[in-house]
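*Asks:* Once you've had a glance at the structure underneath, I'll fire off some questions.
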Amino acid sequence: MTKKRTVKRKVKEPEPTKEQPSVSEQSENEEDEDLLQAVKDPGEDTTDDEGIDQEYQSDSSEDLEFESDEEGNYLGRKVSNEAEEGEDDQDEDDDEDEDEGEDEDDDSDDDSEESDANEASATPKDDQPSSSKAAAAQTKEPIIQIIPRDPSKPEYEESDTSDEEDIRNTVGNIPMHWYDEYKHIGYDWDAKKIIKPPKGDQIDDFLRKIEDPNFWRTVKDPMTGQEVLLTDEDIALIKRVNSSRIPNPEHDEYAPWIEWFTSEVEKMPIKNVPDHKRSFLPSVSEKKKVSRMVHALKMGWMKTTEEVEREKQQKRGPKFYMLWETDTGREHMRRIHDPVSAPKRDLPGHAESYNPPPEYLFDEKETKEWLKLKDEPHKRKLHFMPQKYKSLRAVPAYSRYLRERFLRCLDLYLCPRAKRVKLNIDAEYLIPKLPSPRDLQPFPTVESLVYRGHTDLVRSVSVEPKGEYLVSGSDDKTVKIWEIATGRCIRTIETNDVVRCVAWCPNAKLSIIAVATGSRLLLINPKVGDKLLIKKTDDLLAESPNLDIIESERIKTAVQWSNAEPDEQEKGVRVVITHFKPIRQVTWHGRGDYLATVMPEGANRSALIHQLSKRRSQIPFSKSKGLIQCVLFHPVKPCFFVATQHNIRIYDLVKQELIKKLLTNSKWISGMSIHPKGDNLLVSTYDKKMLWFDLDLSTKPYQTMRLHRNAVRSVAFHLRYPLFASGSDDQAVIVSHGMVYNDLLQNPLIVPLKKLQTHEKRDEFGVLDVTWHPVQPWVFSTGADCTIRLYT
């Protein structure tokens, strides 16, 4: 059963004018159209109650009637030409319905016909603006007056909904800049795009700023892109927050204090029970106990404290001290008669002040060094980092207080105290007397040439036996041959992979370069120098010897010999030795017929020895005793040096047995070099150390040198002069004097001479390789800055 409720509005037709409608009138027309559309389509969700009470414009004076059911849902409207006749007819119809009790079906049919007629006649015209005022008719049926919502109150304050805000854009809590590239800003409840409002230029903003009095209180809603006008309450709230006051003006900051719990301590008994009668009588049990004690005293069973102490002294007997006693006894007596007081703590210095002078504060370099010694705090100069505060009030609590108190207690409790005679020793007496560097010349002191041409890290460098040419390998997959005297690049050979190591054959009668690129070892004829020597080298590498020896499958799967392809033959490549794993290092024997390669990932086949004249290879080890880093041939004896991560093993190739194992006590070995006489070995490590081993003296280092600040990557001995050099990631090449005497009773003389630091650091890498000129006291270094530098 539906009831008809009417809201009637009288509309007067305005006088026609030739002026264009203003912006406010156009907005009213748009609102009227929305209102009429909402009334016309009752199926749509219309939640804006405000629009019903707004004035709308029409071209005729008509009355609107809204129909609603018992729940208040609007079903339609109807329009009559004359307001009074429509009201009377409506009243009569309602009276007849109530008195006669007609069927509900007839009423619903009449209502539907009237609503259809109203829909057909209530279409407004857009081209004629008009204004109207709403007036409710005095009829018998109840008329519902639509009260506009107070904008100062929340939208759902008086309703039973749980929503707290009017959400127009349903995209959720996401960054709105995601919609910067689109024409819409989100989607409404009907899944329709919300088109962005048109944006004006700076002139429009300037005109609005001048003409619009509410421009200063207009903000933009980021969710819908619409402009929102702040109310007076919002402005007042912003002002209170900006002035650091409580946002709610009704809140009283200084309300009278209500003392819910009293501050006065009231002492009251837990139980207020009157004392029992027996509490005033003497205790019977105590009386019996006292009587037993009196009986024990009379019988002599119980003794007083003085009698007990006298009996203890009689049992202990007299004390006698021995004249000749052990040291422990004397120390015990000394602690009794001549105690040593605990040492006092050191007084705080200027660095421990809360406002120390600037020279006591750490700079960036000192701070990094202090933090690096986290695992070794005993090496720090100060156990704390000096801090500066503006005032004593800003000084926080000392975090190490409890630990220092605990350590102090341990020192007092556990550390023995003794008086020792201090020895006055001159410090200069302990320093070994070293010769002056001027007396140890010649050695390189300045940078003479820079060889530029590579575009990536230069990994390795090697010099021709005569000292005229230089070969280098880089990560840019090229091998370059240089003329040392002029710095000119003579030839560039491109490879298919990164060049890890290059080595020039030490035999002056051959012109061969061994290049380790990827898993291939290339034997290249550089075609520089004597033409007869070049031809002899080509003839040697072109001949393929007859292999009468049958190789095992273990060797065949590890390495294969082959001649170079025609395109590689043009570059100078003659022989290709293909390995099953990437090659890291290649080294030659002193005679130039044997060369060894290292593959760290090869397990028990990491080290291979190749013979050039017979074109065959052999695997010297059947078991892997560590990750092999580098290998080396002895210059005189048939010995083979193998360096793993932590140790160095020396093998006799003739007897095929282990001769000696050198203990480095380091974390990771990076390289090694042997003295030309073969009795001393120099080892570089990644933990900033250089180790000098005397092979005739011991298996432990004769001297450990910590000359670099970062990892030491390469070391090299000079073939003629008593010099050796080291290169590190700290961009420095340190040249040192290392004299080895023929007298076995005299120790080697080691003197650091010069620090050459001209390389640039890139990606935490500095100097990657160093090598000496075979004749002159010149040293070459390669670095991560894609250059090769010559120091003379």
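Cβ atoms are placed via backbone N, Cα and C, with glycine included.
For reference, Swiss-Prot lists these features for the protein:
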{"type": "COMPBIAS", "residues": "1-11", "note": "compositional bias 'Basic residues'"}
{"type": "COMPBIAS", "residues": "44-53", "note": "compositional bias 'Acidic residues'"}
{"type": "COMPBIAS", "residues": "60-72", "note": "compositional bias 'Acidic residues'"}
{"type": "COMPBIAS", "residues": "82-117", "note": "compositional bias 'Acidic residues'"}
{"type": "COMPBIAS", "residues": "157-166", "note": "compositional bias 'Acidic residues'"}
{"type": "REGION", "residues": "1-167", "note": "region 'Disordered'"}
{"type": "REPEAT", "residues": "453-494", "note": "repeat 'WD 1'"}
{"type": "REPEAT", "residues": "496-534", "note": "repeat 'WD 2'"}
{"type": "REPEAT", "residues": "578-620", "note": "repeat 'WD 3'"}
{"type": "REPEAT", "residues": "623-661", "note": "repeat 'WD 4'"}
{"type": "REPEAT", "residues": "664-703", "note": "repeat 'WD 5'"}
{"type": "REPEAT", "residues": "707-746", "note": "repeat 'WD 6'"}
{"type": "REPEAT", "residues": "762-792", "note": "repeat 'WD 7'"}
*Asks:* Give the one range among 496-534, 623-661, 707-746 whose Cβ atoms make the most pairs under 8 Å with those of the repeat 'WD 7' (762-792).
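*Replies:* Top-ranked stretch among 496-534, 623-661, 707-746: 707-746.
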*Asks:* In the repeat 'WD 6' (707-746), how many residues does DSSP call helix, how many strand, and how many coil?
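*Replies:* Its residues divide into 0 helix, 19 strand, 21 coil.
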*Asks:* What does DSSP give as the helix, strand and coil breakdown of the repeat 'WD 1' (453-494)?
*Replies:* 0 helix, 25 strand, 17 coil
*Asks:* Take the repeat 'WD 7' (762-792) and count its residues per DSSP category (helix H/G/I, strand E/B, coil), listing them in that order.
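*Replies:* Looking at the repeat 'WD 7' (762-792) with DSSP, the answer is 0 helix, 18 strand, 13 coil.
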*Asks:* Provide the three-state DSSP residue tally for the repeat 'WD 2' (496-534): helix first, then strand, then coil.
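*Replies:* Within the repeat 'WD 2' (496-534) the tally stands at 4 helix, 16 strand, 19 coil.
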